[in-house]
4 protein chains.
Amino acid sequence: MPKTIKKVGVLTSGGDSPGMNAAIRSVVRTCAYHNIECIGIYRGYQGMIEGDFKEMGPRSVNNIVNKGGTILKSARSVDFRTPEGRKKAHENLLKAGVDALVVIGGDGSFTGGLIFNAEFDFPVMGIPGTIDNDIYGTSFTLGYDTALNTVVDCIDKIRDTASSHNRLFFVEVMGRDAGHIALNAGIGAGAEEILIPEEDLGLDRLLDSLQKSKASGKSSSIVVIAEGDKIGKNVFELKDYVEANLPEYDVRVSVLGHMQRGGSPSCFDRVLASRLGVKAVESLIEGKSNYMVGVKEDKVILTPLEQAIKGKSEIDRELLRVSDIMST
Amino acid sequence: MPKTIKKVGVLTSGGDSPGMNAAIRSVVRTCAYHNIECIGIYRGYQGMIEGDFKEMGPRSVNNIVNKGGTILKSARSVDFRTPEGRKKAHENLLKAGVDALVVIGGDGSFTGGLIFNAEFDFPVMGIPGTIDNDIYGTSFTLGYDTALNTVVDCIDKIRDTASSHNRLFFVEVMGRDAGHIALNAGIGAGAEEILIPEEDLGLDRLLDSLQKSKASGKSSSIVVIAEGDKIGKNVFELKDYVEANLPEYDVRVSVLGHMQRGGSPSCFDRVLASRLGVKAVESLIEGKSNYMVGVKEDKVILTPLEQAIKGKSEIDRELLRVSDIMST
Amino acid sequence: MPKTIKKVGVLTSGGDSPGMNAAIRSVVRTCAYHNIECIGIYRGYQGMIEGDFKEMGPRSVNNIVNKGGTILKSARSVDFRTPEGRKKAHENLLKAGVDALVVIGGDGSFTGGLIFNAEFDFPVMGIPGTIDNDIYGTSFTLGYDTALNTVVDCIDKIRDTASSHNRLFFVEVMGRDAGHIALNAGIGAGAEEILIPEEDLGLDRLLDSLQKSKASGKSSSIVVIAEGDKIGKNVFELKDYVEANLPEYDVRVSVLGHMQRGGSPSCFDRVLASRLGVKAVESLIEGKSNYMVGVKEDKVILTPLEQAIKGKSEIDRELLRVSDIMST
Amino acid sequence: MPKTIKKVGVLTSGGDSPGMNAAIRSVVRTCAYHNIECIGIYRGYQGMIEGDFKEMGPRSVNNIVNKGGTILKSARSVDFRTPEGRKKAHENLLKAGVDALVVIGGDGSFTGGLIFNAEFDFPVMGIPGTIDNDIYGTSFTLGYDTALNTVVDCIDKIRDTASSHNRLFFVEVMGRDAGHIALNAGIGAGAEEILIPEEDLGLDRLLDSLQKSKASGKSSSIVVIAEGDKIGKNVFELKDYVEANLPEYDVRVSVLGHMQRGGSPSCFDRVLASRLGVKAVESLIEGKSNYMVGVKEDKVILTPLEQAIKGKSEIDRELLRVSDIMST
């Protein structure tokens, strides 16, 4: 029979993403709904080590469902990588009467949670919060849908000026290891070509595609490039390469950068955050631990944290074809 | 062996929704990709009867992926309900060399397509385009995600003034027969209570919920109400009822109205439109007919049109619970 | 020589508007810059009577420059209309050591301030905060520019569906006594006709204009109507009237409502709020009282409160002509 | 007595800006209103040389008031710098029956117009279209207000992640020669410090300001930097410099780039464009030439083109003070 949970701690860790506040709110209110106490842990694992805690009743999360960022703040913690740091963190939780943990973050945050669980047999539940959508066990991570909208909104603006001047734009979007943002936002923004980390299409294909585009009568084009694309050149080198090989093109570069992580979450992300928060807390109440909650095939599901960390969130190959066809 | 498709006609019918243009673009470019001709039919079935057609090459759909509304325009056609009207429409298609049809719209539009197919054995493929998300055979209709974002964006604004004045707001959203928008946008916007057509929660529950809300220390609240809610009162009658029974409340009403149908589509809707357009055309090429393309459990699938029309898109009951918990 | 100001009280009163928080922030930080203390007074004059005060240091207004609504909340106060109420308010201010007042609001709020000053010789400075732009002595009130953007954004969405269906839309916007929003947003949104409180154009002109519009080949039209338009019919009666007289038109109505008061302020409103807050506090320091700060002819100026209340903010007649020409 | 104007040509030249389409629409409809013909000239002066013209009736500009970019496209023309090029252009105008020109653009475009007028005594009227607001003779250029909103919207997003991580962000905005965008958007976005081309505040001040900010308890900060700031380092060098001198800071850089030029124009820019277009055409009708229309002290005015080119649009020094006070 599972130990009764009386107080849940919740933290956000790693890069922030829109929807984290909605998830915190959901965890806090689900606790209140089940008459469980809840404390917020500031600055991720670092705040756990420093005992930077705050009681959170249901009113403490009023009016945050629509706010970007995380009210609990996030930080990377070097100390938590040491046994001493984790021991201190555990003591703080015990002292505060916390008997279960919800970790909102990405792979690295889940790894921390897993080690913590292994060392102290402490119940841990993960909620995937990252704009990159690169986590196994869920079709959508918190913040990903919002980031897609931010990116297409930016490229829509760039397209205004691109088509006014008949120019070619290279737009770099986030995604060091995963092409989800580039691929989906690229299709959404009507990109001519999309470069992603998962696949090296080769420079020849890019040149070929741009030449065909011109020949087909397109007067302006957008190429969307993930940070970690496999083509072996950064976006500025790529510009030089294309201008050297296709002198008819005047290439402009735009690096969208950190704004992709911010902004008011989309409705999709808010609802997702609400659903995942409920499932995380109720799974802890049921005595489960070491799972990540996620959504797959339209259902909220659990995936063992270990699997979530090790597995790879593959891009949808069908979308590569769709992207090709759309740039006809 | 299926008849080879040489020319596809595409039309939008019924209420317009964001993403229809992205779907038209996808149909046109998929045709071009497969060296099939494509014509656009203006004003839905009415334009089919009037022969209001236009050749559409891949460049004709430049820069529309991000536009709301439908460049082919939409209309309801009384004439198409008569055998004479449909006969005329069929003759026009034959004359123009069109040998297959993609219908972007809702239930009513699909019914028209099904009858047309039955009478003339004409290949028809449907793409679900409506903000209401009330179509069986797809988890998401085109425009639904965008409408959700529009609604939460409006309610976020209303919340600013609600919380500045400690007021109660009743916000009416679209959904005569389906509560999808109200339920999801209500959760997304942090609504206190959500009234939908699928379930009569009763007036007592509403009063009770509002009283609890006040007691719990909430200073302002939003109630989201679908047009077709089952509580048996319109939003203004509901205001009077609540004010009569809970004199401590000063209720304001906002009817969001037609703006919910417009706006630049979200990335989600653009990608969905692109995927569904590809599948629709390629299914016609494969010789299929009388299906609706949709997305379910993260995959693009086909559903017989007849089933799509007869089936009901149920709301997710889990969300009712989530909504309850969130308003703790 | 003026009395040295040591502590300023700031309140928001009347209808809230975007930019009020930016103005509060500006007042608070300008006080800090000049080593003056500042307290926030909650819920306008009512909070003054109830002694609902809060010390506000420069960090208390972090991250609010971009928030709609007012963190100090607003309320209408019946008690403040009584001498007893105002006496109580004055006592509370003295007890708290407050020796000057900044009132952010509209005409009604300024009247309250003027009476308060007359009774207790208490220094008062007004900042015009209302979306209606109906205050004499300033070309722009706080929130007006934001409201205009909200309105055109909504009408842009409505236009998507209007032009997809070749429909006529009547859009009601705020403005019970002033047509600034209707006139400017109407021009901005490309309205066919604009009805405002300042001028009765007559029903004949409306019908005439709509007929010309149809004849000129326009397939869809938007008419923008201020709440307080002088044509003597509300927006729904107007719909009936037009449909009875021009049966070729299918009129839809949209009442934009309270969302016009909310939302993140535009850059213009944030900068305006910052400038006005500085001027308000520094004018108090200089010993001035009973003025409203405003911006006219690109400069921050002072207008006696009495004049600001009595004067009328005229609409720009040139814009009526521009509107006419634009709907050619 | 002035020559009667029968046909006006309109072009957009130089960098595009939001509101150019609204200005084109205004020019076209004002012509129609006065029964004058209008032709659009594509790609600025280059299209004038190539005779790339299009008749524009009032319906040709339907539904563009809200579109970013320019439907007439823009380009820089090397040929127009040669007497031969301008002669060809003049011949094309005569052939097309054009007898006056409206040039929408910036300084460079106006210089071209002035030379053209000097050589051929051809009536020219300028409309200031550039996001930089760096043109003498108008308080606001077309696109400037929209760009400010785009910039603060981006920085609001960046602030979400900055404050979640207690980070310092350097945000580079447009403005090679003018600090209007940086100064106004910086105040609007609540920047800690603002670096502009007009004034070298010195590196010491920046370091000092950041140190004070930390000491005052601010956990995150934004510094807004105009492209052409006078501090003698680009934004990445500045990051290195600050990190070397203030090791407690982890600086992130974001270069907003070309998206600042795009997007749907704000209501302010749409109304401004409408007013300026009317004034430009009606001034030509009155026989005026070689003026730029602008808005100053709330009124539409004319400034001789020569003055508009030579004069400098000074930043508002008061705003530097406001900025200082706001970062208290």
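Keep in mind that glycine also has a Cβ here, set from the backbone N, Cα and C atoms.
For the ADP site that TrEMBL gives as D:Arg25, D:Ser26, D:Val27, D:Val28, D:Arg29, D:Gly190, D:Ala191, D:Glu192, D:Lys218, D:Ser219, D:Ser220, the extra residue drawn from D:Arg43, D:Arg159, D:Arg176, D:Arg205 is D:Arg159. Record note: TrEMBL gives D:Arg76, D:Ser77, D:Gly106, D:Asp107, D:Gly108, D:Ser109 as ATP-binding, and the candidate from D:Gly15, D:Gly19, D:Gly40, D:Gly175 in that site is D:Gly15.
Counting other Cβ atoms within 10 Å of each Cβ, the lowest count among the binding-site residues D:Ser77, D:Ser109, D:Thr130 belongs to D:Ser77. The candidate set comprises the binding-site residues D:Arg25, D:Arg76. Of these, D:Arg25 has the most other Cβ atoms within 10 Å.
In the three-state DSSP assignment, the secondary structure recorded for D:Asp107 (ATP binding site) is helix. Regional average pLDDT for the domain 'Phosphofructokinase' (D:7-283) in the model is 95. Calculated from their C-alpha atoms, the gap between D:Arg29 (ADP binding site) and D:Arg76 (ATP binding site) amounts to 27 Å. A helical conformation is recorded for D:Met259 (substrate binding site) in the three-state DSSP classification. Contacts of D:Ser219 (ADP binding site) defined by a Cβ separation under 8 A and a same-chain sequence distance of 6+ are given as D:Ser163, D:Asn166, in order along the sequence.
Around the Cβ of D:Met259 (substrate binding site), a 10 Å sphere holds 25 further Cβ atoms from the protein chains shown. Taking every pair among D:Thr130, D:Ile131, D:Asp132, D:Arg167, D:Met174, D:Gly175, D:Arg176, D:Glu227, D:Arg252, D:His258, D:Met259, D:Gln260, D:Arg261, the residues recorded as binding substrate, the greatest CA to CA distance is 33 Å.
For the binding-site residues listed here (D:Arg29, D:Arg176, D:Arg252, D:Arg261), the lowest count of other CB atoms within 10 A around the CB belongs to D:Arg176. Least packed by the Cβ count within 10 Å, out of the binding-site residues D:Gly15, D:Gly106, D:Gly108, D:Gly190, is D:Gly108.
Same-chain residues that are not part of D:Gly15, D:Arg76, D:Ser77, D:Gly106, D:Asp107, D:Gly108, D:Ser109 yet have a Cβ within 8 Å of the Cβ center of the ATP site turn out to be D:Ser13, D:Gly14, D:Gly44, D:Gly105, D:Gly112.
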